[in-house]
């Protein structure tokens, strides 16, 4: 099993969310081999994400990006004492089952890899291992939480070294939560109905192909064995919890475009619980220094003098990409 042995007899929601809380306030770094994993651990990372390539290289290589080779993940698991996460393609249940059997500590159902299912994300409640998923807005976040995600992260635009999309996603979620808090419960239920609509895409497409009316029957399953009304009720319950808390009910990390200590500090200043760093560490000129600096920036996010000091003599950050010039927008994957 993974380092923390958190997936005992049954992976309850409490256990899964408990693991996510254990990494709260920290930095999770993408690594592609044992040496990088050790650098991340020594720099103070709370966890590492095992990949075959960092997002910048996945973007550059093109083609179909899949789960990392098992040997690579095992090599990384054997190299460190901190928790190890790994990515699967959106909707790829079999990849997730393989990683669960391998004993990773958390699975990232990630838009960085090529999606496997054009209609649905994995029903994460069927697994013992906890999941993290990306979200651009509150609707995506609530859907992933209802499906069983123990942790949410911004999608940002991975592999760009450009923080703008992560900032966009943080603001979209935060401002939508503030709007929810001003709504009546009846209005919140209407939002739940709107947020549930993506689960109807497959059923509607089948009806269109078959020449049938678009209307979905109340007792008709549309996602696994769940009907549309059951999904709406589930999303409504989560939205009411969000309304009460004033935030997501799970740990919420920033990801996608973090490339400097100041980027990491900005995400924490905007209310994030921690930071994922993908290409920003090992595409910089001095990965060891950059890794330590970003960890320190997250620890001292509200101390500008400390951020200034740790930003000295850390070399060049990764080369950034302008979002409008991208041919492929990874953040648009998933529903």
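Residue numbers in this text run from 1 along the chain shown.
Every residue gets a Cβ built from N, Cα and C, even glycine.
According to Swiss-Prot, the protein carries these features:
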type: BINDING; residues: 30, 159, 257, 278, 279; note: D-ribose 5-phosphate binding site
type: ACT_SITE; residues: 87; note: active site, schiff-base intermediate with D-ribose 5-phosphate
type: BINDING; residues: 171; note: D-glyceraldehyde 3-phosphate binding site
For residue 171 (D-glyceraldehyde 3-phosphate binding site), just count the other CB atoms lying within 10 A of its CB, please.
12
Within 8 Å of the Cβ centre of 30, 159, 257, 278, 279, which other residues of the chain have their Cβ, at the recorded D-ribose 5-phosphate site?
54, 55, 56, 112, 158, 160, 161, 256, 258, 277, 280, 283, 318
In whole Å, could you give the widest CA to CA gap in the D-ribose 5-phosphate site formed by 30, 159, 257, 278, 279?
12
Let me know the DSSP-derived helix, strand or coil state of residue 159 (D-ribose 5-phosphate binding site), please.
coil
Take the Cβ of residue 30 (D-ribose 5-phosphate binding site) and count every other Cβ within 10 Å, whichever protein chain it belongs to.
29
C-alpha of the residue listed as 'active site, schiff-base intermediate with D-ribose 5-phosphate' to C-alpha of residue 278 (D-ribose 5-phosphate binding site): distance in Å?
12
Looking only at C-alpha atoms, tell me how far residue 278 (D-ribose 5-phosphate binding site) is from residue 171 (D-glyceraldehyde 3-phosphate binding site), rounded to the nearest Å.
21
Measuring Cα to Cα, how many angstrom lie between residue 159 (D-ribose 5-phosphate binding site) and residue 171 (D-glyceraldehyde 3-phosphate binding site)?
21
Only counting partners 6 or more residues apart, tell me which same-chain residues put their Cβ under 8 Å from the Cβ of residue 279 (D-ribose 5-phosphate binding site).
30, 54, 55, 56, 57, 158, 159, 161, 259, 318
